[in-house]
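Asker: Straight from TrEMBL, here's the annotation block:
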DOMAIN    B:4-77  domain 'Glycine transporter'
TRANSMEM  B:63-81  transmembrane segment
TRANSMEM  B:88-104  transmembrane segment
DOMAIN    B:90-162  domain 'Glycine transporter'
TRANSMEM  B:116-135  transmembrane segment
TRANSMEM  B:147-167  transmembrane segment
TRANSMEM  B:173-192  transmembrane segment
Amino acid sequence: MQYALELVGTYFFAISGALAIQNKDQDLFGVGFMGFITAIGGGSLRDILIGAYPLVWIENVNFLYAIFAGLITTFLFFSHMAKLRKTLFLFDTLGIAFFTILGVEKCLNLGFRPEVAAIMGMFSAVMGGVIRDTLTNEIPILFRKEVYASACLAGAVVYLTLDYFGLDRDTNLLGSIALIIIIRLVAVKFKLNLPILK
Amino acid sequence: MQYALELVGTYFFAISGALAIQNKDQDLFGVGFMGFITAIGGGSLRDILIGAYPLVWIENVNFLYAIFAGLITTFLFFSHMAKLRKTLFLFDTLGIAFFTILGVEKCLNLGFRPEVAAIMGMFSAVMGGVIRDTLTNEIPILFRKEVYASACLAGAVVYLTLDYFGLDRDTNLLGSIALIIIIRLVAVKFKLNLPILK
Amino acid sequence: MQYALELVGTYFFAISGALAIQNKDQDLFGVGFMGFITAIGGGSLRDILIGAYPLVWIENVNFLYAIFAGLITTFLFFSHMAKLRKTLFLFDTLGIAFFTILGVEKCLNLGFRPEVAAIMGMFSAVMGGVIRDTLTNEIPILFRKEVYASACLAGAVVYLTLDYFGLDRDTNLLGSIALIIIIRLVAVKFKLNLPILK
């Protein structure tokens, strides 16, 4: 079940990664490359930092096929997808929420400290997009979007806190994912931002 | 023989990496640093992703000396080299073709799946340049040049396919390298591009 | 003693990293994220390249707390700190000098060749800032500042040379750190630059 969700999440991550650069006159290969980097970047960076080899998509090529499927979907329905921005926004929000908490759990299971797990959860979710934006010379999403990475970090901290107090895993997982989604939706809806330093 | 070729390839990679930023008012150190990053970047990223430690140039410092030699050559003949663009283009094309297939072979020898080997072969060849371009705030070569990384990927896939069908290694190696070179030369000569998504 | 210095160095690295992006309309989270990346980036890249797991800040979360302390200091005194540029420049210079030589020593202790240790020492000190600048779409510090990374490399080479000739560790450590600081201060004071290639 969780494995199926991870594959589906990877599929959507590849799509939203590829679509994020649509205004750039990229050829097919460039768009595909960027979808690929977005989908694998965050999890790969997390696993390299914590030394968790082999990387998930290198051990299990089904993740590569999920990405290919996402890229082919993008190529086929490219012109239609521009109209689906709201749907894609939802999928992206679901994706970062889900991958944050999975990243946190992976680190806890490997015996890392909760402080490390919180950072790695956030990295899993957002660093793929950060790498993509850096490669295409954009200001990373992290600095543009209202409460994006910080929603992930907040969800991770809440998960870890409730886990510490013994909440059962499934309730905690769903609750924390829901929290990230709600923070993100509320922030976008009401254009909330964190304070700017002056 | 192959080892000698790798050293020579590294030498030329450092030169083409350093020359790629010549219009930027970089000081000597900056140019050298970028030549270094270009030469080690792709292979290092590949080895970090697949967890193949120690990295090639860290275990065998002769690669570092090949890079130093390339950088000194660049410093001494900098003003002349601008006129040698066609020669350097050829060396760069030879280099990416050669390093792609070597990267593929390394992954196969370590027991990785062909899908992974194809991606890692391409990464070996092009990611050094991508990292250099990102650090110097350029749109990476990958997105500017006609059929650059995609030629490497095509060559890698052909190598893996023929290897699967039992073609002997030397023929396959030379044939796949030649294929990458031909695709690249034809694409540049006739200004071929992959389709742009609209 | 050295451990205390490392924590203090990390604290100041986080501050100078966070302040480096103050003209960018970043929100609180973005500034903190960048301070974090600056503080951990160089050492993490070094340890990933040489395969020295677990990474320092992942094994010992006190480094994370030193970074948090630095970020909170930045948030609280942000408007005052802009006036402290000279003090911060001194701390940054102390920091890169110190972390260069510590990085060199770590590599030597792990049995790596001096050529590798020199490069890794420099990477430890400067790559955090390079990653930060790349993520925020700046031309990396490496290419803007007078004799920055090259001072670190020079100090590393001197340390390794004197170590080879048997100078005792403490004298060598202090002397090489002082050398980096002096090179940097002299270069800034007299606006010295390395030659630009033409």
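For all residues, glycine too, the Cβ spot is worked out from N, Cα and C.
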Asker: What residues elsewhere in the chain lie close to the transmembrane segment (B:173-192), defined as a C-beta under 8 angstroms and at least 6 residues from its ends?
Answerer: 89, 93-94, 96-98, 100-101, 105, 146-148, 151-152, 154-156, 158-159, 162, 167
Asker: Apart from its near flanks, which chain residues at least 6 from the ends of the transmembrane segment (B:116-135) lie with a Cβ under 8 angstroms of it?
Answerer: 13, 17, 20-21, 34, 37-43, 45-46, 49-50, 95-97, 99-104, 106-108, 141-142, 148-149, 152-153, 155-157, 159-160
Asker: Could you give me the DSSP helix, strand and coil counts for the domain 'Glycine transporter' (B:4-77)?
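Answerer: Once the DSSP states are binned, the domain 'Glycine transporter' (B:4-77) shows 61 helix, 1 strand, 12 coil.
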Asker: What are the helix, strand and coil residue counts for the domain 'Glycine transporter' (B:90-162) according to DSSP?
Answerer: 60 helix, 0 strand, 13 coil
